[in-house]
Amino acid sequence: MLFIYPNEKLVKIILDFKKKISEKHFQNLKENILYDAKLMWSVCVPHSCTSEDVLRHFNKSIFDATEGLNLTLSLSKEHCVSVDDLPEFTKGDYIYVYMNSMKRKWTVSSGFLGMFPDEPPTFASLFSLKRNWIILFSTKRNKNDITCLHGIRFLTMFSVVYGHRFVHNLATPVINYMDLIDWLESFSSTTIHGGTMTVDTFLAVASILVSYSFFGMASKGVKLNIPLFYLNRHLRLLVPLGFAVGAYITVTKHLGGGPLYRDLVHAYNMSCKTFWWSTVFYIQAFINPRLMCVVQTWFLGVDMFWYYFAPFLLLAISKNQLSGYLLLFTIYSCCTAFNFYIAWDHHFNGQMPVSPILLSTDYFAYHYVHPVVRGGPYMLGLAFGHILFKSKENKVAISRLTNCICWSLVAVCMPYTMLISRSFRLENFEYNRLFASLFLAFHRTVWTLCLLWIIWSCQNGHGGPVNIFLSCNLFKIMGRLCYNVYLFHFLFQSAMQYSKKGPSYFSHFLSTFESIGDMAVMLMFSIPATLCFEYPFSRMCGLVFRPPNKEDSKKVAPLKMDT
């Protein structure tokens with residue numbers, strides 16, 4: 001893979017053929033899609049040629065043909081690949097494949113226990129394929145369900161897969177690169193660079209369920225055991241996460257190949273072999289924010305950070321409601337102030353960089369993945385979970401006019417928080433440090449408050465067709481698969497995209513179409529992953545950590561998911 005770098009002046013000349021842009025706008029584009037702009041050229045040469053021979057030849061040929069254009073050529077030994085360089089299976093690869101095979105065999109074998117009339121041993125039943133299948137595809141509802149959350153969780157997961165498909169398509173060569181300038185300024189692109197609040201939806205939903213479950217247990221007189229509260233969560237998340245980390249280290253290099261693929265394998269190996277431990281302990285945002293293993297698991301780090309504080313905050317509410325709410329508001333205010341400070345101090349201009357090096361930017365490391373910056377929606381969710389629990393038995397009645405006004409505000413505010421981000425990318429945008437910092441500090445709050453209204457309205461009978469749609473039983477089933485979709489979709493997307501042997505054609509429609517395919521494939525993949533890995537160990541935690549029940553001591557109930 002030969003890299004040809006034009007200088008800044010040449011890039012500006014090329015852009016002017018597309019349309020005239022100001023120097024200010026050009027500097028903005030340089031920090032986004034034009035960062036590290038280069039031409040990547042793959043050629044086939046005899047095996048006897050070294051990288052130095054190839055670089056020497058093309059240096060002379062290209063410089064002779066492009067005299068005066070100030071091009072720089074680069075070729076490293078690592079980017080020269082031959083047929084003999086196919087990855088070999090290492091001991092780690094064999095161990096990973098063997099452990100997965102044994103786990104699946106145990107799951108299938110345990111499934112046969114359900115064919116016999118006698119009650120199988122409790123431990124063996126945890127791995128029963130038949131029983132876990134019934135749990136996964138059950139649509140039975142109970143009175144404590146917040147049914148609209150099933151649809152919200154699945155649709156949010158799809159929006160994440162959708163956004164990451166665009167990230168991969170933009171990070172690899174496209175044949176119509178100049179069209180990206182117009183696309184960045186289009187309204188359709190705001191669903192990508194303006195849709196990052198979907199992650200705050202996950203945070204709010206997670207905190208609502210933690211709060212709602214906590215007060216549900218407290219109302220039954222169950223005493224909270226804080227060490228078990230933490231251990232239960234860690235163990236439930238750990239097995240699928242460990243499975244994912246192992247896949248990134250061992251399986252990735254065997255999934256594809258091509259001019260770009262070696263860079264992908266090197267990046268995953270370097271990050272996961274070095275920082276696997278910070279991944280499974282959920283501290284990547286503090287240790288290695290620019291070199292993350294299983295990149296998307298930064299969210300687990302944020303969620304777990306606040307999960308550690310959740311029991312103390314909820315206990316404060318249960319002892320004194322006013323003092324507890326004041327404590328939550330104080331923490332929320334501190335998170336918002338910190339958010340504003342980071343944006344102000346780093347002169348962030350309000351937009352998420354659309355750049356191949358997004359994961360290495362200050363915006364990503366200090367703002368996007370920082371747990372304190374993301375703390376506001378979590379605090380709102382904890383308070384809302386308590387409010388939702390208190391109104392569980394007594395539905396709150398509101399007038400039709402009030403309901404219409406609130407839904408109208410939601411219909412305006414949620415899209416508007418996304419559309420504002422478009423203004424930061426326009427040609428005539430004038431950077432305002434105060435406005436950009438205020439936007440980054442408060443736009444997630446506006447989004448979360450709109451989300452809380454949707455949940456409250458649906459739960460209290462004012463959601464109408466929205467509640468019917470979000471409470472669909474199909475969403476309940478697909479929502480249970482979301483954790484494995486979340487862990488593995490990024491790996492499959494990157495393996496597919498970086499295996500391409502030539503540039504793609506970028507369009508919003510094609511990328512959207514591909515994201516639908518990504519979601520469908522990942523749902524199919526997640527069924528066996530959930531049955532073989534997630535559910536057995538989740539149910540094991542439910543067996544070990546649930547409160548003792550003499551009347552039902554032999555049964556193993558599925559653990560209610562709170563993420």
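Positions of Cβ are set from backbone N, Cα and C atoms, glycine also.
Since the structure is predicted, the reported quantities are computational estimates derived from the model, not experimental observations.
In TrEMBL, the transmembrane segment annotation falls on 364-389 of the listed ranges 156-181, 364-389. In this chain, the transmembrane segment (434-456) lies out of contact with the transmembrane segment (298-317); the count of Cβ pairs under 8 Å, excluding pairs fewer than 6 apart in sequence, is fewer than 3. Contact between the transmembrane segment (324-344) and the transmembrane segment (434-456) is supported by 3 or more Cβ pairs under 8 Å, counting only residues 6 or more apart in sequence. Long-range Cβ contacts of the transmembrane segment (516-537) within its own chain (Cβ-Cβ under 8 Å, at least 6 residues beyond either end) map to 103-104, 107, 126-127, 129, 132-133, 135-136, 158, 161-162, 165, 235-236, 238-240, 243, 478, 480-485, 488-489, 492-493, 558. Count of Cβ pairs under 8 Å against the transmembrane segment (434-456): among 202-222, 234-251, 364-389, 401-422, the largest is for 364-389. Against the transmembrane segment (202-222), stretch 364-389 shows more Cβ pairs under 8 Å than any other of 234-251, 364-389, 401-422, 477-496. Across the candidate stretches 234-251, 364-389, 401-422, the maximum count of CB pairs under 8 A to the transmembrane segment (477-496) is reached by 234-251.
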